């Protein structure tokens, strides 16, 4: 608990500060939730309460389905459908891995050629230009081919999201290795890493390259099994939430030419709580269970993949604490290089733009349509909320922490409403010549109308006739 408190007390005030934003060298440390659950029986009890609630919801659905329908409907169908066509997804992933592996011999060739021509300034400049072009082409191939393949023929949502995330992960790792190793080819002060270490880095749960990382002495396979079982449980539970709370409200959206506004509003508010639960489960699944499982397999000692983001009162601190793996990469390879030339405000905007576009690409390829809800929430509203909470969040931390949680409720509710509305509108509405990947179908079908003879009455009029 003391370590968590020290991190909280030393959080900086302005996002990426000039000195404090430098990560310490990788050290042996556990994830925040691991520390909290090991050191506090209260936190562990909350974890048990949360699991018990999930079990009760699960039992409620099982019993209801058996009594009413005679069959189970607990998310299995959604898992099978969501992760369909595994063979095609695996082929795309193998292509991405192959491109990432090709980078290493290319780096070796560049280093060897640089030694041969180092006495010729013109040849060194030409080689540098060729190297940059090859690196750009490698990234275009790594990102462009999977995007084209997924755009050409839609892949199941879960499978598509997985291979798209892997695509960005490999691209970010190549950038990290290039940023650290290419200068070595110019000054010969440090040798290039061996291929074994490069391969280790490709699968290590970090996007920041170092020649060495803190390592644990052995793999605790029981812990690996436990974390992977948590991942499987969360995947099934999110699919259960989809079938239990989302489909009843939105699966028929678009089957009728008109829908009442009250029905839409009621459905959106009904999705708020399931959306937040899914948000929390997704965080725990990816940033805690999944990364800790891989850290254990890779004997990776530094497991501070996130901080106590749930206590933050300023969005700048929340964005850095939510996902330290990605935020550290954005800081080192986008924010810091841009700041000396463009200034901190433009560097901030660039970081948010790149991150929001990447998230939107993942969703667009996963769902099979472009609907920039997350892009607006993250890339527009997120930037606007930075100055709003920068000072006020520091002066009134409790109030603005509550404000942040309120924004989580609203944001996740909108995501879990607008994307299903668009998905089922495209599925249920009749085809039109105006149908497009980039134009939302739900804006024109179905038509949202008010009830007949609807009028607004003064809510403060207490006269009872």
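Glycine residues also receive a Cβ, built from the backbone N, Cα and C atoms like all the rest.
It should be emphasised that the depicted structure is a prediction, and the values quoted were computed from it without experimental measurement.
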349-368, 369-388 - the one TrEMBL records as transmembrane segment: 369-388
Candidate ranges 123-145, 146-168 [criterion: TrEMBL lists as transmembrane segment]: 123-145
From 400-419, 420-439, 440-459, the residue range that TrEMBL assigns the feature transmembrane segment: 400-419
The annotated transmembrane segment range in TrEMBL, which must be one of 5-24, 25-44, 45-64: 45-64
Same-chain residues at least 6 apart in sequence whose Cβ lies under 8 Å from residue 359 (active site): 374, 375, 378
Cβ contacts the transmembrane segment (267-291)/the transmembrane segment (369-388), at least three under 8 Å, sequence gap 6 or more: no
Recorded stretch, among 123-145, 225-247, 369-388, maximising Cβ pairs under 8 Å relative to the transmembrane segment (92-111): 123-145
